[in-house]
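K.L.:
Sharing a structure below in structure tokens format, with a few things to ask.
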């Protein structure tokens, strides 16, 4: 019987390495796909490992700039903070991984794609809903969800089938990382009362170890896109990396969050997002300077919905695409410079300027240069308060009667 082809999202870890052998037993030829999202792994090694374990072909694709410009940028412009805290580090990468899985599957004539998610996480939903949106005819296989092995059983299977066991297997943590940040769960972090140990962090310094002098960074934006740091232009992926190092050195972007997962459970995770939190903070301040009040007050409602859609795996949904159009319209005048102070875990905006600034000092000042028409206030107050005044008059008459 002719073997079918499956494209596997491959990380190089135990789960997806074992999945190669498991899928072979199901009569599949496996094509491994590894994406460089800026996590800092030796991906050339990962690519070769897939072949050594049994994949017939192995892809390694650098998608850092695509991830930065088409995913992280949109999240920054929408100030996406799930439950007010989490900047969607892992959730942002899943639709891009799904997109590349589908592209390679179609290119290779594969009938299925596979991922290494468990049956209790959000990522299985994000992958599978995204894949269905892009190609509803592809079969989706989730080996880890299907085999339901304990860690000990999985290791035993790996040893029986000569699957290399990672040297960091004893680490209690489950880590996911990309340009936008780093997420960490499991081990002692499963106790919401326990303080995260320092070895749970990698991108940021503990406050005790951060510099005792602040560092200032000027971030330049053009139409909502961060383009410069301290006057130096960068491709967006490099700007994010550079800012991760700058802000991380000052302990910016540590987040300890008990979140409500899509699958109905609560999960305690620790995130490090130095660049993400700094950029979101700076971008919001520039919007405050350049957006009219009505847009500035309405946009957070759209941001909340976009955040939920991304977290819930609905990146490719019709509603998400419609909300994108609103978001892009709001960014046309978000051009300017924001000065941020990085100090002891904080990214503090201390200055902002823009050629599209709607702040008029002559209208805002209380000095002799004031040009605000104070006399106009009387008529404005009369008309603005008229509905309230009429309501009060009518109801007081009823009480008196």
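All residue numbers here begin at 1 and follow the chain in the order shown.
Every residue, even glycine, has its Cβ placed from backbone N, Cα and C.
So Swiss-Prot says this about it:
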type	residues	note
BINDING	9, 10, 11, 12, 13, 14, 15, 16, 17, 116	ATP binding site
BINDING	86, 122, 126, 174, 183, 259, 271	L-citrulline binding site
BINDING	118, 122, 123	L-aspartate binding site
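Any idea what these are sitting next to in the structure?
P.N.:
Around residue 17 (ATP binding site), the same-chain residues at least 6 positions away in sequence with a Cβ under 8 Å from its Cβ are 10, 49, 50, 53, 158, 163, 164.
Annotation note: residue 183 (L-citrulline binding site) sits in a strand segment as assigned by DSSP.
DSSP classifies residue 123 (L-aspartate binding site) as helix under the three-state reduction.
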K.L.:
Out of 13, 15, 183, 271, point to the one nearest residue 118 (L-aspartate binding site) in space (Cα versus Cα); all of them are binding-site residues in the record.
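P.N.:
So, of the listed binding-site residues, the one sitting closest to residue 118 (L-aspartate binding site) is 15.
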K.L.:
Count the Cβ atoms, other than its own, that fall within 10 Å of the Cβ of residue 123 (L-aspartate binding site), considering every protein chain shown.
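P.N.:
Summing over all protein chains shown, residue 123 (L-aspartate binding site) has 20 other Cβ atoms within 10 Å.
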K.L.:
What is the Cβ neighbour count of residue 13 (ATP binding site) at a 10 Å cut-off, with all protein chains included?
P.N.:
17
K.L.:
What other residues of this chain sit with their CB within 8 A of the center of the CB atoms of 9, 10, 11, 12, 13, 14, 15, 16, 17, 116, the recorded ATP site?
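P.N.:
Neighbours within 8 Å of the Cβ centroid, excluding 9, 10, 11, 12, 13, 14, 15, 16, 17, 116: 18, 19.
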K.L.:
Can you check what DSSP calls residue 118 (L-aspartate binding site), collapsed to helix, strand or coil?
P.N.:
coil
